[in-house]
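Feature annotations, reproduced from TrEMBL:
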type     : residues                   : note
BINDING  : His2                       : Ni(2+) binding site
BINDING  : Cys70, Cys73, Cys87, Cys90 : Zn(2+) binding site
COMPBIAS : 145-181                    : compositional bias 'Basic and acidic residues'
REGION   : 145-186                    : region 'Disordered'
DOMAIN   : 235-399                    : domain 'CobW/HypB/UreG nucleotide-binding'
Amino acid sequence: MHEVSLCRQLAAAVARATGGREVETVYVDVGQLRQVVPAAMGFAWTFVVKGTALEDASLEMRTLPAELACRACGASSRLGSDLGFDCRACGSPETVLTSGEQFVLTAVDVRTPPPPTTVRPGARLTRGKEIAMGRFHRHDDGTVHVHEHDDEGHGHEQDEHGHDEHGHGEHGPGTHSHDGLPRTGSAELDQLIGDHSGYGTGRERIEILEDIYAENDRLAAANRRALDAAGVRAVNLMSSPGAGKTTLLARTLAALEGRLRVGVVEGDIETPLDAERLAGYGAKISLLNTGDGFGGECHLDAPMVATALRGLDLSSLDLVIIENVGNLVCPAEFDVGEHRKAMVFSITEGEDKPLKYPVMFRAVEAVVLNKMDLAPYLDFDRALFLRNLRAVNPDAVVIEASARTGAGVDAWIDWVTQDSRALDRITPHG
Ligand SMILES: Nc1nc2c(ncn2[C@@H]2O[C@H](COP(=O)(O)OP(=O)(O)OP(=O)(O)O)[C@@H](O)[C@H]2O)c(=O)[nH]1
Ligand SMILES: [Zn+2]
Ligand SMILES: [Zn+2]
Ligand SMILES: [Zn+2]
Ligand SMILES: [Zn+2]
């Protein structure tokens, strides 16, 4: 499940940011186009943190709507439920996404340790090591004092309980009560009424703003540098399960054998089956079983591909094709260091898929419309599919093919080899 993988990365980021402190709440902002289901996210979080130091940490997720800015008229608008990317104001397709793809760890609440020294309740200190939110905390004026706030947490930044109004800067020991009870004039009684007596731990909010994809993107850039240094072009090939990636790759390798030095990164959840189907064409295959130490991911990410690339001698290759895990959701979200993304779409999948999986269909430069040999037996509406595709991706190259019969595969081979340095060694087709 997509959410499990995201929660794993999130948990790692939280652990990095909090250094083993006890975490109460994790706050994330998730863009609408990340296609994260809040309930599934909550379930995945519970599953991922079970038995870890984050076991008791709860997850607060906020969904941010997708927003478009129009290059033609300047208007900004929200993506509608139909997920069309045209400007709502003027209808222009020249829009850029300004929000909706975030996945950001914004903050965590951690438990703060009890105050290091015994502090007389209500005592006014001038120095505090910790900006804490709880009984022992510091205010903007630098005052540190100890008193009880309601246990459900409060934000001094948001001024939820109105410190400004009651002026912590001015008051002396034991002269205020947060719960609105009248002062008795007796410091001792005020202490009791206001329950300023405890020295429990408090809560501190740590602002983080870490893009969960940032770590992946750094490694993707490193992969790309390694490929570039070796003069190798890389294509990330994606699709839903069974659309025909491996069948198309087998034909591709057969056609390029002896003409272009090809390496394949084969991403598969559990089995070596796809890799075995690609053996015998002279290509180097690096198998990545994502169930193998990577926790059964539903996509390839940059660290996995970095591992796989180490299994290929890049200096002896011209082109690397990465067969991603069959999945229309998250593979598109992870830059693995490729130069171009393409997808195989089987005409058995239904014309509505571009609208249901816009992130995938937007991410690619080429769509292979596969299993065209089945067209006579299906009621696939090609024009409707193309209309839906154009609504989310006006520029993608569409290649109609049958990986089974080989029809149209030449056009795909032209596309996939088009900027490989050894292109001049390829004899023209036909
Ligand atoms: N009729 C027809 N069947 C095809 C075509 N391409 C692939 N298939 C069949 O579709 C099934 C899945 O093909 P694969 O190549 O394994 O698909 P895949 O995308 O690699 O699948 P995963 O790696 O499991 O996601 C196989 O039975 C193929 O023989 C095609 O053009 N026409
Ligand atoms: Zn507009
Ligand atoms: Zn206070
Ligand atoms: Zn496959
Ligand atoms: Zn995934």
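Glycine residues also receive a Cβ, built from the backbone N, Cα and C atoms like all the rest.
Here the structure is a predicted model, which means the values were calculated and not measured.
Positions of TrEMBL features highlighted on the structure.
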residue : record              : DSSP (3 states)
His2    : Ni(2+) binding site : helix
Cys70   : Zn(2+) binding site : strand
Cys87   : Zn(2+) binding site : coil
Non-local Cβ contacts of Cys73 (Zn(2+) binding site) (under 8 Å, 6 or more apart, same chain)? Cys87, Ala89, Cys90, Ser92
Quick test of your reading of the structure: among the binding-site residues His2, Cys70, Cys73, Cys87, whose CB sits under 6 A from ligand 2? Cys70, Cys73, Cys87
Among the binding-site residues listed here (Cys70, Cys87, Cys90), identify the one with the smallest other-Cβ count within 10 Å. Cys90
Filter the binding-site residues His2, Cys70, Cys73, Cys87, Cys90 down to those with CB closer than 6 A to an atom of ligand 5; keep them in sequence order. His2
Row His2 (Ni(2+) binding site), column other C-beta within 10 angstroms, all chains, value 21
Using the centroid of the Cβ atoms of Cys70, Cys73, Cys87, Cys90 as reference, list every other same-chain residue with Cβ within 8 Å of it (recorded Zn(2+) site), in sequence order. Arg71, Ala72, Gly74, Ala75, Ser77, Arg88, Ala89, Gly91, Ser92, Glu94, Thr95
Could you round the CA separation between His2 (Ni(2+) binding site) and Cys70 (Zn(2+) binding site) to a whole angstrom and send it over? 31
